[in-house]
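**Q** Quick one: the structure is below, and I'll ask about it shortly.
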Amino acid sequence: MPYFELQRHLGIDVDKWVVRQSMPQPHGRASACHAFEREWVECGHGLGQTRARRECQPEYEDFMECMHRTKLAARLKAILEQRDKLVKEGKYTLPDYHKGKEEMRP
């Protein structure tokens, strides 16, 4: 296809982000999100872009969560806010190692 040839001649790879996890990895091991990317690609294969976006949304969301960890970060933020709220109310006391104090060593 002419579009891909143009990419090769200019030395750019616009499609690299789509198959980032499928690229050869160091030491020949599969990357952490390779399985999620594979499921997403297999789901959307042959469907067409519009239909694949609708039908493969769960696979795509799993792949993006594995790559960016946005849901995990939001959950961690909520946990830390709850902890800070409990500390402020006096219902929870932070352990010494969370206050910057070192443990006594023998």
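Note that Cβ sites are derived from N, Cα and C of the backbone, with glycine treated the same way.
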**Q** Just choose from Cys33, Cys43 the cysteine that TrEMBL connects to Cys56 via a disulfide.
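**A** Candidates were Cys33, Cys43; TrEMBL matches Cys56 with Cys43.
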**Q** Taking the Cβ of Cys66 (disulfide bond) as the reference point, list residues of the same chain whose Cβ is under 8 angstroms away and which are at least six residues distant in sequence.
**A** Ala32, Cys33, Phe36
**Q** Name the residues of the same chain, 6+ apart in sequence, whose Cβ is under 8 Å from the Cβ of Cys43 (disulfide bond)?
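**A** Sequence-distant Cβ neighbours: Ala52, Glu55, Cys56, Glu59.
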